[in-house]
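Visitor: I'd like to ask you about the structure that follows.
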């Protein structure tokens, strides 16, 4: 299962055939090009007045969108996802699609050859436009290389890419590519000589930074509503879900909430020979009655998780790849056992988990907002990797409603009295489902409790906090995959050693 796709402007059967040498999938003719969709990819299409609408991927908040469209059209209750977005687009305009959540790309193939493209806003399905021998639109750059060969993509110098900088959410290290701005409408068109270009505008204005000082009880009620909403949408489809469970607040809270919605929970904990959090995860599993599995990862498995995250999610940032390693190892462990997985990922950026208890911050909300924004280009929320393991990955914290609620929330709810994530701990405590020592346990990073960060450093011969070295290695692997010089099916230790030593 994969939602990878590409559109080639003025393409031909030959382009599709070239891709099919490396990737299973099918091609479909468009008004002025071809669409390629990987095998078993989730896609739907429908006819509308402007042309043919395509939805690649899935909607997460379908129930909400049906209720919205149903105000005007009863047919919304019978519509598939593509028809639902087309209906909202027709009735309310492109801006209405800012309300849609999911790992999707929606586009309209118009008879004049233009493509009107709507990108989702949370980094679940990053989309690029590439100017190679031909013009491409894709959420998987590997497909362009498969079609045009090793020289299809041109890369920025390593020194420029591996800097600890804040970047625009359109950033990509591929010089002849443009990452389409998330949460925007784009028109891919061409000039009088046939050269393609992109016109873009955002679907919404930036959120207000005015301090939100909600009273405690209404705030707790909103957190409860917004965290449960995605679980309520999933419950009719899945009896069993999987959860990566560290025993920290976020994964434990998601497990507790899921225990109210699903018949069976499979929980997974990972560690290394250096350290693990099995004591805490087992405590939560016992309290909630989950089917719990624990696994010690070797350094080879840690590196394999990093390599897979680079390949599938096209990550070039060392920290993001390191964090994803644990998740990819859980995907492998859970493959065939569950088809849906829930995580606590993203909570730290909303509720202050990355802040240091007792530290003084002039504007903690600004610091958190910068890190939320950063996820729009890192690839860490991309769903390709989980999909390749047959898993529908969901992050209940990463919703429009909860992100907006927390954006300007009073900092005292996030860091106060030598503690962080205060309001989330209060909420978890109010459920009376988790042991108090879990609710008030000190924060440890997802990659730190299992010492994945140290294992990565050991393989590179570096120090645990040297993320420039980690990013250099990650970017080298990223380039090797996107040039077609490495294959995910037969990456060898000697190839990786060459990339580590290359300086």
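Glycine is no exception: its Cβ is also placed from the backbone N, Cα and C atoms.
Take a look at what Swiss-Prot says about it:
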DOMAIN    228-443  domain 'Asparagine synthetase'
BINDING   244-251, 270, 344-348, 421, 444-446  ATP binding site
ACT_SITE  345  active site
BINDING   346, 371, 374  substrate binding site
ACT_SITE  380  active site, proton acceptor
Visitor: Taking only the residues in the domain 'Asparagine synthetase' (228-443), give me the average pLDDT of this model.
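Guide: Here the mean pLDDT over the domain 'Asparagine synthetase' (228-443) amounts to 96.
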Visitor: Show which residues of the chain containing residue 371 (substrate binding site), separated from it by at least 6 in sequence, have their CB under 8 Å from its CB.
Guide: 349, 354
Visitor: If you draw a 10 Å sphere on the Cβ of the residue listed as 'active site', how many other Cβ atoms land inside?
Guide: 24
Visitor: Measure from the Cα of the residue listed as 'active site' to the Cα of every one of the recorded positions 244, 247, 250, 374, 380, then give the nearest.
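Guide: Minimum Cα distance from the residue listed as 'active site' across 244, 247, 250, 374, 380 lands on 250.
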Visitor: Among 346, 371, 374, listed as contacts of substrate, what is the widest Cα spread in Å, to the nearest whole number?
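Guide: The widest Cα-Cα gap among those binding residues is 12 Å.
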Visitor: What same-chain residues, at least 6 away in sequence, bring their CB to under 8 Å of the CB of residue 244 (ATP binding site)?
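Guide: Same-chain residues close to residue 244 (ATP binding site) (Cβ under 8 Å, separated by 6 or more) are 251, 267, 268, 269, 270, 326, 327, 330, 341, 343.
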Visitor: Give me the sequence-ordered set of same-chain residues, not including 346, 371, 374, with a C-beta within 8 angstroms of the centroid of the substrate site's C-beta atoms.
Guide: 349, 368, 370, 372, 373, 375
Visitor: Near residue 250 (ATP binding site), which recorded positions out of 346, 374, 380 have their CA within 10 Å?
Guide: 346
Visitor: So of 250, 380, which of the recorded positions has the fewest other Cβ atoms within 10 Å around its own Cβ?
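Guide: Lowest Cβ count within 10 Å among the recorded positions (250, 380) is 380.
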Visitor: Give the three-state DSSP assignment (helix, strand or coil) for residue 346 (substrate binding site).
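Guide: Once the DSSP labels are grouped into three classes, residue 346 (substrate binding site) ends up as coil.
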Visitor: Just to verify a number: CA distance, the residue listed as 'active site, proton acceptor' to residue 374 (substrate binding site), in angstrom, no decimals.
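Guide: Pair distance, Cα basis, whole Å: 10 Å.
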Visitor: Does DSSP put residue 247 (ATP binding site) in a helix, in a strand, or in coil?
Guide: coil
Visitor: Once the chains shown are all counted, how many other Cβ atoms turn up within 10 Å of the Cβ of residue 347 (ATP binding site)?
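Guide: There are 25 of them.
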Visitor: Quick one: Cα separation, residue 374 (substrate binding site) versus residue 344 (ATP binding site), in Å?
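Guide: That comes out at 18 Å between the alpha carbons.
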